[in-house]
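Database features, via Swiss-Prot:
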type	residues	note
COMPBIAS	1-15	compositional bias 'Low complexity'
COMPBIAS	25-36	compositional bias 'Low complexity'
DOMAIN	55-110	domain 'Tudor-knot'
MOD_RES	K113	N6-acetyllysine
MOTIF	140-149	motif 'Nuclear localization signal'
REGION	174-458	region 'Sufficient for interaction with KANSL1'
ZN_FING	207-232	zinc finger
MOD_RES	K274	N6-acetyllysine
BINDING	I317, T319, R325, G329, K330, S354, S363	propanoyl-CoA binding site
ACT_SITE	E350	active site, proton donor/acceptor
Amino acid sequence: MAAQGAAAAVAAGTSGVAGEGEPGPGENAAAEGTAPSPGRVSPPTPARGEPEVTVEIGETYLCRRPDSTWHSAEVIQSRVNDQEGREEFYVHYVGFNRRLDEWVDKNRLALTKTVKDAVQKNSEKYLSELAEQPERKITRNQKRKHDEINHVQKTYAEMDPTTAALEKEHEAITKVKYVDKIHIGNYEIDAWYFSPFPEDYGKQPKLWLCEYCLKYMKYEKSYRFHLGQCQWRQPPGKEIYRKSNISVYEVDGKDHKIYCQNLCLLAKLFLDHKTLYFDVEPFVFYILTEVDRQGAHIVGYFSKEKESPDGNNVACILTLPPYQRRGYGKFLIAFSYELSKLESTVGSPEKPLSDLGKLSYRSYWSWVLLEILRDFRGTLSIKDLSQMTSITQNDIISTLQSLNMVKYWKGQHVICVTPKLVEEHLKSAQYKKPPITVDSVCLKWAPPKHKQVKLSKK
């Protein structure tokens, strides 16, 4: 175990809550009022002996996605899957988030004229039907929400020059996602992004992970043997929260380096933009688990810097895919703010957030602020809201702007709200009360001693 994590690059940077009620990576949620997706067709079987074009790396072909729609896809890499005994191609769907990149069999590529013609005919029919529909204008805010939910990737032209340059460099380094699946606990999960597992581990189509110690293995046989030997039944560190079957452990990266490295490698499979570190010592990790007779099963986590010069209360945050859409993402967000309240500070997640992270944080902030505004009577400033919630003033302003509840007047932001407007927002499913909330009575935690000294001097 000790040798395994020593050389591993680890992820402990950009935040990315993965999914509270948003479409998953394989879903194609259509915007309200749009026509069916183009290319949804069952193509005819190619004629016997019909020639196929040769698949070339870097070329673009029509590829059938898991939802049976056809889309242009660039072939990035090829490999022979030793576990399956077949040739596969790694494709990126043009215009889609790289989360949807995947390894596909040759038979999912339109390589014959018969198949290509069938897809083209269906696409032309779709465009004809679309042209007959009345024009539907959408606002910039609606377009932004649609792009976030449907994983629409920004083009380099839409980015500022610095961001575009960094994005190109990041894409070149993490272009191919070799680890396609992982098995952890009772779940087999499709990976979303590249993760820098060391040596041959990073080139395996599938890895097996122990859900307790997070050791990763190349072979199922090794995994089964390890399960019989592993003594762990919960994360290392200290349990700081327990209510019913929900438990949270605080793990210091300095004290449990290998575990935290393995956790970050696991997280990187589901988070795109990450700053990679070889050293996890500057971070503390908060592991959310579901507890049963077998042990404490990892659900998700967030990390935070022990000393954040930017005032961030979260460095990285993730709910594992099998546990998404059950309220755990917002629970982790709420938990991070409970810690900030005990530290008597305000905090914000490290930027940039992933698309799903933006949706989850914005939904959480909105719910918290709406609950306060609904019950409060009297005068309330943005500074007051920040002190009550530990949410930064900038995050509060941007959230209230999205709710049309703040105006800029005489050089400052002023809250403009009516009880009716608050109630209308609270009726929306987007801003409803999270299914799992943090019970502060069950939180057994105090700031580190050096932070307590700083607080006493304020």
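Including glycine, each Cβ sits where the backbone N, Cα and C put it.
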Radius 10 Å, atoms counted are CB only; among the binding-site residues T319, S363, which position scores highest? T319
Could you give the number of helix, strand and coil residues in the zinc finger (207-232) as assigned by DSSP? 10 helix, 5 strand, 11 coil
When a 10 Å sphere is centred on the Cβ of R325 (propanoyl-CoA binding site), how many other Cβ atoms does it contain? 15
Please report how many Å separate the Cα atom of the residue listed as 'active site, proton donor/acceptor' from that of I317 (propanoyl-CoA binding site), as a whole number. 10
Taking the residues I317, T319, R325, G329, K330, S354, S363, which the record names as binding propanoyl-CoA, find the longest CA to CA distance and state it in Å to the nearest whole number. 16
Which of the three DSSP states, helix, strand or coil, fits I317 (propanoyl-CoA binding site)? strand
Check the recorded positions I317, G329, K330, E350, S354 for other C-beta atoms within 10 angstroms of each C-beta and report the one with the most. G329
For E350 (active site, proton donor/acceptor): DSSP state (helix, strand, coil): coil
In the predicted model, what is the mean pLDDT computed over the domain 'Tudor-knot' (55-110)? 88
DSSP on the domain 'Tudor-knot' (55-110): how many residues come out helix, how many strand, how many coil? 6 helix, 31 strand, 19 coil
Which three-state DSSP class does G329 (propanoyl-CoA binding site) fall into? helix
